Amino acid sequence: MIQGYEAGLLMKVIIFLGPPGVGKGTQCSLLSTRLGVKHISTGAIIRQEIASESALGLRVKSIVEAGHLVDDKSIFECLESALSSMNFQNNDLILLDGIPRNLSQAKEFEVLIGKFSSKVDLVISLSADLNKLLERFERRWTCSACGKIESIAPHTDMSHYACRSCEKTGTMFRRKDDEPETVKRRFAVYQQETLPLVSYYADKNNLSIIDGLRQPEIVYAEIVSILLRK
């Protein structure tokens, strides 16, 4: 068993921090698939709430369709709704990706999981240098047919490239979020708003910092090693 048992805890949350494109979603997916650990992505739960057409979902849908960022109150209502619908066993591990993004959210999240007799057990910060991150995004392409993301060598003729998942040709494109100037802006926002959380969680003695730009399997192995020591 990866986690140690603590009486009275419904779940223990592992938060993933890191700049855009560092691999938070990739690692959460690997851990969830291989270890059977529950994974909560804020983007996914917001889309799920919208799809449910609940009163909350319809309100969030109107915010998104108007081109606005979803406010913290709505995000946490979606998160609470998702947590309430999940079947937890004592001391379940939960992987959280996409929140908190700032100190205010971190404190609000602690209040929320307190309602579920739970705590933040570990924070994993995946670090990355901006220039190396830009190199990663230069290789990042998305298939318009199946939605899969691939890492493709620079200077590849994309007009004749076939997606490795659906095998369709000429369907790869670069999302606006993956363009260099957008990445730089998102990285700057991360440094200003989210990076201070590293110090916040370090003071709570539950932070582990990992180089996120190595091969995914190497990063995964280090994360599992950390979990085994918990």
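Cβ atoms are placed via backbone N, Cα and C, with glycine included.
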Query - Listed co-binder of ATP (same site as Gly21, Val22, Gly23, Lys24, Gly25, Thr26, Arg140, source TrEMBL) among Arg214, Arg229 - result: Arg214
Report summary line: region 'NMP' per TrEMBL, picked from 41-70, 71-100, is residues 41-70
Report summary line: Fewest C-beta neighbours within 10 angstroms among the binding-site residues Val22, Val70 belongs to Val70
Report task. List the Cα distance (Å, whole number) between Gly25 (ATP binding site) and Val70 (AMP binding site). Result -> 20
